[in-house]
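Quick look at what TrEMBL lists:
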DOMAIN    7-133  domain 'Response regulatory'
MOD_RES   D59  4-aspartylphosphate
Amino acid sequence: MNLYNPVFLVIDDHPMILTSYIRLLRENFLESTFYASESIPKALEYLDELESIDMLIIDYNLAKNFDVQLRISDGQKLALYAQSKFPKAKIIMITGHEEALLIYSIHKKVRPDGLLMKADVTDELLIETIRQCMIGQVVYSQGVKNVLSLLAKRQLMQQEQYIEILMLLDKGYKVQEICEIVFKSQSTVQRMLTTMKKEFEVNDLSELLKQVKLQGFI
């Protein structure tokens, strides 16, 4: 990536937001080149015609003028197209949506360098995210982290073996006794408990049981 005078392409279908983004970027990246688009067709023109793009900032909800031929109707699909054209470009996606499955879809399919909820975005956060992404860091805003963390817990708790171990712990069984009941080695059960403690951000089994009960998993 060109760190000295990067080329930015910013895409948002709200003119006032787009203007504010460009103003903010001009104030902080003086030697850079900026392109702005309010629509998917215009963004595709830039992606097809420009020789280089270093950083894309893409809003997820792009309601205006979707591309029928390429079936690009939102920021996620546009980001995937951009990756095919400029695989080394950094991509920051911003979304006003807070639905868990949509956030997870962007995270899983696009793997953006930055993923921010609009509710989290401030001028300072956006500039810091850009700077961190420029040097190879991946930045997710706190709201995004919260959603992904909750999804990870739900996916983990959908596995019957984890629930069974927690329920046995709650009944007072020791780890060694649980190993015999569930027919797993002690190292396997300990690894599963470590995974759960990490996901629920606790350090011991009593706190783990407290959290899974508070969050309604058992």
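The backbone N, Cα and C atoms fix where each Cβ goes, and this holds for glycine too.
Mean pLDDT for the domain 'Response regulatory' (7-133) in this predicted model: 93. Neighbours of D59 (4-aspartylphosphate), defined as other CB atoms within 10 A of its CB across all chains, total 23.
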